[in-house]
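**Student:** Pulled from TrEMBL, these are the listed features:
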SIGNAL    1-24  signal peptide
DOMAIN    88-452  domain 'Peptidase A1'
ACT_SITE  ASP106  active site
REGION    256-285  region 'Disordered'
ACT_SITE  ASP325  active site
Amino acid sequence: MPPPLPHHHLLLLLLLLLLPFISSQPTTPITLSLHSLTPPNPTPLHTLSLLVSSSLSRAHHIKHHSHSKTTTTPLSTSPLYPHSYGGYSLSLSFGTPPQSLPLVFDTGSSLLWLPCTHSYLCLSCSYPSKLPPFIPKLSLSSKLIGCKNPKCSWIHAPSFLSNCRYCPPDFPNCHQICPPYLLIYGSGSTAGILMSETLHLPDLSIANFTFGCSVLSQRQPSGIAGFGRAPPSLPSQLRLDRFSYCLISRRFDDDPSASGSLVLGGPAEDSSDGSSSTPFLPPPAAAPPASSSYYYVGLRQISVGGGDKSIKVSAASAPGGTIVDSGTTFTYLARGLFEQVARAVESHVGDRYERDADVEAVTGLRPCFRVSGDLDGLPEMALRFKGGADMDLPLQNCFSLVGDAGAACLMIVTDGSDAVEVSGGPDVIIGSFQQQNYHMVFDLKRERLLFRRKDCIGTAT
């Protein structure tokens, strides 16, 4: 795979692609499109290695991110499909007439963007999409976002927008478009311009929904539905009081008909249905501005083996806090915390199983054990949160059998040194693997997360 292009080269290529659309008087709507991909799986070990790498890349990006309609009934229930690269996708429709697009569901970012226009280009994308891009010219409701539009400040700093070249302060009806954006993810990037369009949900259409029309991406072929806390996100634009989702087990990765669900809106929930609740927290004081998009929670302990071992999570061991992220596959722990968890797992297993160093070396996971075809004898785990909420993780949310290797590995990742890193970003990222078969409710009105165990396949939350 060729090395990634420097960011200034990406911006230059972006400007060349956008040249037909960027002017002081843009009048032609720009058509957008997006596609979602499932890479082939050469071997289970190779797949796991890719997932570990992508989880670590995303964690590193999140940790070091630079400063760069309300209703009591559900607005929509949409299926969520698992992908072998670790994400989940949903299908949304945009435009007049509607164009349906698959998007990766992501609570760790806020902008919803689509592969867009006939000129869409994805660099270093090994698996090109067979789906056409979203085409603004085929929609009667596509509009560009202007430089003086308040929504432009969702992605650009006010100091940057104060220099809108063709927009004098005394000219409110300026036609200069909002400057292009460049978004950096853990494993890739995307660039484009802001547009507004009609978003179609079952029995509901939302006019003037703002999204990113990406014309250039690198290692990021699929569009993303941002469900974070910042203004550009889908929950923020729809002014939702809550949304919830249920991610099906990874064992259905090869079954395209299997799905969990995503619900927008809906009535308030409480603990009467067996749900546990923990409050959302503000980002730590040292966190960069980008952290305001994340869902922080107060993780207090990690229990291993039914309470035999409990690892305390504190401001000393995890000063960057804990977030819940559907876009990260395997839960990430700062190195010090991870080593304590790994030692507790090894202590619980004892001499029951031997370590499998070969599988550890290939996958990047540890500890891995040579088992007899099942997960019996390995410890269950629990995440204990502020307010007394416990997320009890069954074995299949903690470990996974690795292909035909006869091994089972702990599905938690780490990187870095033993020293606590003072980066400002989160030190614990609860990923989608640990959330599978959990009903997760993001109560935005009451500022809390609710969750309970549930068989998610083919169900509405």
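Note: Cβ is positioned from N, Cα and C throughout, glycine not excepted.
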**Student:** From the Cα of ASP325 (active site) across to the Cα of ASP106 (active site), what is the distance in angstrom?
**Tutor:** 7
**Student:** When a 10 Å sphere is centred on the Cβ of ASP325 (active site), how many other Cβ atoms does it contain?
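**Tutor:** Summing over all protein chains shown, ASP325 (active site) has 24 other Cβ atoms within 10 Å.
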**Student:** Using DSSP, what is the helix/strand/coil residue split across the region 'Disordered' (256-285)?
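**Tutor:** The composition, in the requested order, is 3 helix, 12 strand, 15 coil.
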**Student:** Can you give the mean pLDDT for the domain 'Peptidase A1' (88-452), rounded to a whole number?
**Tutor:** 87
**Student:** For ASP106 (active site), just count the other CB atoms lying within 10 A of its CB, please.
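**Tutor:** There are 24 such Cβ atoms around ASP106 (active site).
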